[in-house]
Structures are given as C-alpha cells and as structure tokens.
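S.K.: Before we start, here is the structure in question, set down as structure tokens.
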Amino acid sequence: MSFSQRVTKASTYNPSAQGAAKPIIPRSLWAWLYLLSSVVFNITIVTMEALIFAWFQSIADDKGKCTAGSDHCTPEQILAQTTPIYLALFLFAGVYQIIIGLWALRQRNTVQLLFLVFFTVAMLIYSGIQFDQIRDSTSFFTPSESTRFLSGAIVEQLLITVMCVTVAECIVQGFLTYKLYREFTWDIFKSFGAGMNLKNALRDYLLFESLIIFDFFFFIGFTLQFIIVVLQTKDIEFALTIVVIPLTIVVLITAVLSMKREFRPGIIGFILLCFAAMAYFLFKLVRLYTATDQKRERFKRAQKTLTVFAAITLVFLILTIVASIKCMANFGIGLKETHLQRHNDRKQRQQLRRKKTLYLKGDTESQTRLHPSASRSDVHSSQISLDTLSTHLEREQRMIID
C-alpha cells in the first residue's frame, strides 16, 4: 500500500464505525420494509394454507387411513392424504423464504434478493397448480362432508386468495429489491475492492451461492413429494431416495466451501454430481409417466406438481453448472484472498470490541494487560481516559487496515 493510499484511508477512518458490530438487519428503511412485507405476506399465506390443510386432514380422518404408496387406496383416500403434502410444502416454502430473506439482508446480497423474487414467481405457478388440483379434488366429497369444517366454495376462495397474495408479494418485493439493489451494490463492491475483474468474480460467486440455496429447496421438495406420494415403503428405491437427502446437504455445503477456497478438484467433482443429479431427475420423471395401470391413478395425482418441481430443478442445475465453470475461471484473481481478509478483519473487529468492553467495565487486570504503559494505581483509580482508549483502538484499527 502506497503512502498516499495510507493517508487517504487514515483521513477517512472512523474508529466507532469500524469497530461497530454489524447489525443483523441493515439500518435502512427499505431493508425493514422488505423484511416486514416478507413476514406479513408469508404469515397470511401460511394461515390460509393451514386452514385448507386442516380441512383435508378432517376429510382424511373420515375416509380412513391408507398407507402412503399403497396400490389399494381409493381415489378419495389418495386425494385426502396426498393433497395436504403439497400444502405442507407450501408452508415450508414460506418459512424458507423468510429465513433466506433475512440472511440476504444481513449479507447485503442483492443477487440472492433477486432470486427470491424468482422464487416467489415459482411459488405463484405452484399455487395455480394447487388451485387446479384441489378444485378437482373437492368434487369427490359430498356436501355434508364439506360443511363439516369448511365448504368447498370457501376452500376455492382461500386458494384464489393465496394466488392474489402471492401476486402482490411478487410486485412489492420486486420493487423493494430494486431499491435495495441500488443501496447495497456499492457497499458490497466497496468492501471487495474497485477492480472490475474482482467485481465480476464477486458477482459470479454470489450467483453460484444463490443457486446452491435454491437447488436445495427444489431438490428436497421434489424428493419428499416423490417419497410420500409415489413410493412404497417396501421399495428399494424408497430407501435409496431417503439416503439422497442428507447426501445432498453435504454435497452442497462442500461445494460452497470448495468455491470459497478455490479448490478446483472439489468443484469439478461437484459439476459431475450435478450431471448425475440431472440424470436422476430425468429418471424420476420417466418413472412418473410410464407407470403401470395399477399405479397410474396414484401417480396421476402427483404428476403436475412433481413435473413442475423437476423442471425448475433441472433449470437450476444447468445454471449451477454454468456458474460453477465461470467461478472456476475466476480462480487466482484475488477473490479467495479477499474472502479470507474479510474473515480476519471480522475477527479483529470482534477482538477490538471485547477490548473496548473491558476498558469500559474497568477490569483492572485486563486494562493492565492491554494498556501496559499505564501504572496499576492509574488503572485502579480509573484514570485511563476515553481519549486514550480511542487513540489505542485507532492505532490497532490502522494496523488492521494496513
């Protein structure tokens, strides 16, 4: 670092800002509006989905239990017991969206926020399929059964409301994402440097990380539906599909760590596994549409949702492969070192905050250790001024910057 660069950084240095703890949510009106809208929209959707879920559960109790994947279930039993699975998945999507939104706001990850908008659009498509499927299923039940908890007409109105709320969520969060993009982009790139190559590498990495997050949701969503709705517990394929879930989590975490550390063999292995996953989903889709006559009725009820999930997951896998290759091409330009430097700076800031806390609490032994130039009597009588503390912390912060 040149002398002029050091002078510039020293002149703009703010010890209180540098040593301050990073807030969980950025202190921004748009960030809080985004989080508030996400919570309100998803709680509204979850509440309506819970009512529909409870209605189908009451019908399932009346129709009698039927083993998941059994070939001897009546159409009414299949509908009453498989439809709540889709609804439960919708509930999971709402919770998942809030958690990922909170994480994206904390990391100021505008790419991830943009993916959340696409995720909401995907759930809008899913809600349309859900409406079509449940509207057909209500015709299997008699009016006396429907009025026991909710009428079929009310259920349809709730489903339409879910779609309308999801449309509103797409519009509102799309607008807020645009505002946050303008607010966060400069902060992120400023912390990673001003070089164009480094900016492009950061963009590619954030894209890769976001794809991994949503690969997880759609892969797990498809697998769980296939297990519960389609497979029989005695099938070997059932056990193999169960094993795939924890392996998927391990593979995705390993891929992110390999990318951060620029471990090329790990990324190559991950790309090969992505191709294997594409073959896996294509195999599952073929199984879904080439069932025997005995299983066709059971498979028919899952075809729409599973096809949508499989198609979206295949698209995400293709994008993940492309993003992985682009990120590998960026290895060696400095992004790895920047990640490590940010991690080390974060640890240094935490240490400095602890030191400041020890000073303010008047811990005699700690102050003596951290400030050896002061005598024990000075420490004991709390004569170390805050000006001395600020100078001490500022000196250490400048050492971190250099």
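Positions of Cβ are set from backbone N, Cα and C atoms, glycine also.
Note: TrEMBL annotation is automatic and uncurated.
Not my notes, these are from TrEMBL:
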TRANSMEM  31-56  transmembrane segment
TRANSMEM  85-105  transmembrane segment
TRANSMEM  111-129  transmembrane segment
TRANSMEM  149-176  transmembrane segment
TRANSMEM  205-231  transmembrane segment
TRANSMEM  238-259  transmembrane segment
TRANSMEM  265-286  transmembrane segment
TRANSMEM  306-325  transmembrane segment
REGION    363-383  region 'Disordered'
COMPBIAS  369-383  compositional bias 'Polar residues'
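Distances, neighbours, how buried they are, the whole picture for these features please.
M.R.: Sequence-distant contacts of the transmembrane segment (31-56), counting only residues of its own chain at least 6 positions beyond either end whose CB sits under 8 Å from a CB of the stretch, comprise 25, 80, 83-84, 87-88, 90-91, 94-95, 97-98, 101-102, 105, 113, 134, 149-150, 155, 158-159, 161-162, 165-166, 168-169, 172-173, 176-177, 180, 183.
Under 8 Å from some Cβ of the transmembrane segment (85-105) lie the Cβ atoms of residues 24-26, 31, 34-35, 38-39, 42-43, 45-46, 49-50, 52-53, 56, 112-113, 116, 119-120, 123, 126-127, 130, 133, 180, 213, 217, 221, 224-225, 228-229, 305, all in the same chain and six or more residues away from its ends.
Sequence-distant contacts of the transmembrane segment (306-325) (same chain, six or more residues past either end, CB-CB distance under 8 Å): 122, 125-126, 129, 204, 207-208, 211-212, 214-215, 218-219, 221-222, 225-226, 229-230, 255, 259, 267, 270-271, 274-275, 277-278, 281-282, 284-285, 288.
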S.K.: Same chain, outside the transmembrane segment (205-231) by at least 6, Cβ under 8 Å from its Cβ: which residues?
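M.R.: Result: 68-69, 82, 85-86, 89, 92-93, 96, 100, 109-112, 114-115, 119, 237-238, 241-242, 244-245, 248-249, 252, 255-256, 259, 277, 281, 284, 287-288, 298-299, 301-302, 305-306, 309-310, 312-313, 316-317, 319-320, 323-324, 326-327, 330, 335.
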S.K.: Using a Cβ cut-off of under 8 Å, list the residues of the same chain at least 6 residues beyond the transmembrane segment (149-176) that approach it.
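M.R.: Contacts with the transmembrane segment (149-176): 30, 33-34, 37-38, 41-42, 44-45, 48-49, 51-52, 54-55, 58, 116-117, 120-121, 123-124, 127-128, 130-131, 134-135, 138-139, 141, 143.
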